[in-house]
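Beneath this line is the structure, given in structure tokens, with notes to follow.
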């Protein structure tokens, strides 16, 4: 009798208006007739980008990287190499070489997204398998959430400088958070930056290109103004640029290699998640030279400004301040003049926008795409971005960045895992499948799908990934302070190169021994129409189902029916245009 009452109670809850409203809000819309397995592979944000949303042209990618280059990490990228003994121009050459390689790699990983208009989570299904792709997606989503918090804390330091410029006493407010390991004024700056980031997360990816355009207008002039101010204040470039190399020939070579790899390690996330942006490209060519040229140019100039400003800081204060926020804080500590405060405010504002842009690009968007792919029935890109934001707030990033914490070393070393993922994806797309991807099967849970492999897992990709990871794992332990053989530490100087090369070659060899299906006959046997054909099929099925309210959604925002109709018509006209003389 009690069981009947319980069933009746739960039945009343399920039939209540409140329950239905909550369910309708939490559960994302899906196309009718889909099985639960199919719903776990699709949602509005995972579909290929329709023509009306392919708005990123070459200049958008150029402005994206011009904006992304101006950030505090890039500003300080040469510091390690110089402190290890290189002179400034040797460290700068390392930066140019490192970021040139990064530009080539992001163009390489971005091309599949630009051709088929699919994100990294969907692309990884073609190499790791329908369900096996969840492993690289999970890895990258965790890393993106952690880095989101770290970058937000750095952005908060810029906000603190802006507030101090207006109210100099702000840094002296009572500390009510001593037990939390931080100062109240620092936490307030972090929280304000965190709130501002949440506004940017609301907008879909095809629209936030305007944020990067704004950042490209604001951040570089702020960096140049900072450089001029520091050089004038120091009456020159300072002593750092006159310091000679302090290394022997053998050590010199390895420090140069380490300087190059350090740049690539910091780019590891962007190399993997470039399809998340490239999918919005107007043409595949928009992701090639604009990225290959702009990345080393923009990041090289930013690092040079960082070296010159830091060198000037030594002439001004007797110590080299590599962190620009510390130097700006020193300006405020030594002068209360209105001109100094105004200058610090506007430069800090530029750096704040720079940090906001890099956090959205490298962490928020990638976390949103990844979390959306992990649980597509309830998470879209927007919700995923907000989940990452909440995780970042809860993990107390100030503790992770404390001087006695090795966590930042672990974060930097994590690139050995991402390099293996990149190696497998590059090998699979360019050398195994030769650019041929069937888009529709990427969203199918059927065992007949060419990407289902064994129970949805491609053992070839995982074997290759493990090979690329294992060659670096001992050196990674050494980088965190563990005792390991000297040769492992030496090899770890090549960590990204080793990881991506071993994973790439292993995948090519294994796929030669155990061939996969659906491969092109020659290099770049791409079929760009695959994405449009799949979208056209979805639109046709929806039009047949008269009662369906299902639509194709992009970036968490439903497209208007008129826009959807234009998308279908543009696809149809493209297909029909070849049928008439």
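The backbone N, Cα and C atoms fix where each Cβ goes, and this holds for glycine too.
Bear in mind that the values here come from a model prediction, so they are computed numbers and not experimental data.
For the annotation phosphothreonine, the record in Swiss-Prot points to 572 among the listed residues 35, 182, 549, 572. According to Swiss-Prot, the feature transmembrane segment maps to residues 185-205, out of the candidate ranges 185-205, 437-457, 521-541. Segment annotation: Swiss-Prot labels transmembrane segment over residues 292-312 (candidates 292-312, 313-333). Note on Swiss-Prot: of 88-108, 109-129, the range annotated with the feature transmembrane segment is 88-108.
Remote same-chain partners of the transmembrane segment (185-205), defined as residues 6 or more beyond its termini with a Cβ less than 8 Å from a stretch Cβ, comprise 152-153, 155-160, 163, 170-173, 175, 177, 211, 276-277, 280, 352, 355-356, 359-360, 364-365, 368, 381-382, 385-386, 389, 392-393, 397-398, 554-557. Same-chain residues lying 6+ beyond the ends of the transmembrane segment (342-362) with a Cβ under 8 Å from its Cβ atoms: 64, 67-68, 70-73, 144, 147-148, 151-152, 154-155, 158-159, 161-162, 164-166, 193, 196-197, 200-201, 208, 211-212, 214-215, 218-219, 221-223, 225-226, 229, 269-270, 273, 277, 324-325, 328, 331-332. Remote same-chain residues near the transmembrane segment (143-163) are listed as 72-73, 170-171, 185-194, 197, 269, 273, 325, 328-329, 332, 344-345, 348-349, 351-352, 355-356, 358-359, 362-364, 366-367, 370, 387-389, 391-393, 395, 397-398, 400-401, 408, 411, 414, 418 (criterion: CB distance under 8 Å, separation of at least six residues from the stretch ends). Outside the transmembrane segment (212-232) by six or more residues, the chain places 60, 63-64, 66-68, 70, 75, 302, 305, 308-309, 312-313, 316, 324, 327-328, 343, 346-347, 349-351, 353-354, 356-357, 361 with a CB less than 8 A from a CB of the stretch.
Residues 141, 144-146, 148-150, 152-153, 180-182, 186-187, 190, 194, 197-198, 201, 363-365, 367-372 of the same chain lie 6 or more positions beyond the ends of the transmembrane segment (384-404) yet place their CB under 8 Å from a CB of it. Two recorded stretches are said to be in contact when at least 3 C-beta pairs lie under 8 angstroms, sequence spacing 6 or more; the transmembrane segment (407-427) and the transmembrane segment (292-312) fall short of this definition.
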